[in-house]
């Protein structure tokens, strides 16, 4: 892989919980948002290179009525306050029983984010902390970069 900003990639797609911010299960409270160390400088560098950025996230707490859409948007707004703006948010509101095409590890969110950013998955890098992020990237034809954390699982 060549450096960000090269002619190979147009966009970076990022998982939210555990990749951009500390994972607080089913978080509907903006006050609980804590960026992962180093996230802001890394994102600023990608922006400076001219890459478009999208968040690609499963939020099954919506389907489970653990938080409202309004609460989720408040959390996402807080993330943008702390980490800067994103060009798109691709969000799956379903839980694993729904059988949707958007919930990672399915490739639907990757396709949707790429389309929204005016590119193709082949010109995107997907960054995530668990196996389902990588499976979604590969299924869509994007390049996957796994950022291991203490809770990373192969899935």
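Glycine is no exception: its Cβ is also placed from the backbone N, Cα and C atoms.
Residues or ranges marked as Mg(2+) binding site by TrEMBL: 15, 17, 129. Take the CB of residue 17 (Mg(2+) binding site) and look out to 10 A: across all protein chains shown you find 21 other CB atoms. Residue 17 (Mg(2+) binding site) falls within a strand segment according to DSSP.
The annotation active site, nucleophile is assigned in TrEMBL to 15. Here residue 15 (Mg(2+) binding site) comes close to 55, 56, 57, 104, 126, 127, 128, 129, 130, 133: these same-chain residues lie at least six apart in sequence, with C-beta atoms under 8 angstroms from its C-beta.
Residues or ranges marked as active site, proton donor in TrEMBL: 17.
Annotation source TrEMBL lists site 'Stabilizes the phosphoryl group' at 57 (among others). Classification of residue 57 (site 'Stabilizes the phosphoryl group') by DSSP places it within a strand.
Around residue 92 (Zn(2+) binding site), a 10 Å sphere centred on its CB holds 22 further CB atoms from the protein chains shown. For the recorded site, residue 92 (Zn(2+) binding site), the DSSP three-state label reads strand. Summarising the annotation, TrEMBL assigns Zn(2+) binding site to 92, 94, 100, 102.
What TrEMBL lists as site 'Contributes to substrate recognition' is 103. Following the DSSP three-state reduction, the secondary structure of residue 103 (site 'Contributes to substrate recognition') is coil. The 10 Å shell around the Cβ of residue 103 (site 'Contributes to substrate recognition') contains 21 further Cβ atoms across the protein chains shown.
Within 10 Å of the C-beta of residue 104 (site 'Stabilizes the phosphoryl group') there are 27 other C-beta atoms, taking all protein chains into account. As annotated by TrEMBL, site 'Stabilizes the phosphoryl group' applies to 104 (among others).
Of the listed binding-site residues 100, 102, the Cβ environment within 10 Å is emptiest of other Cβ atoms at 100.
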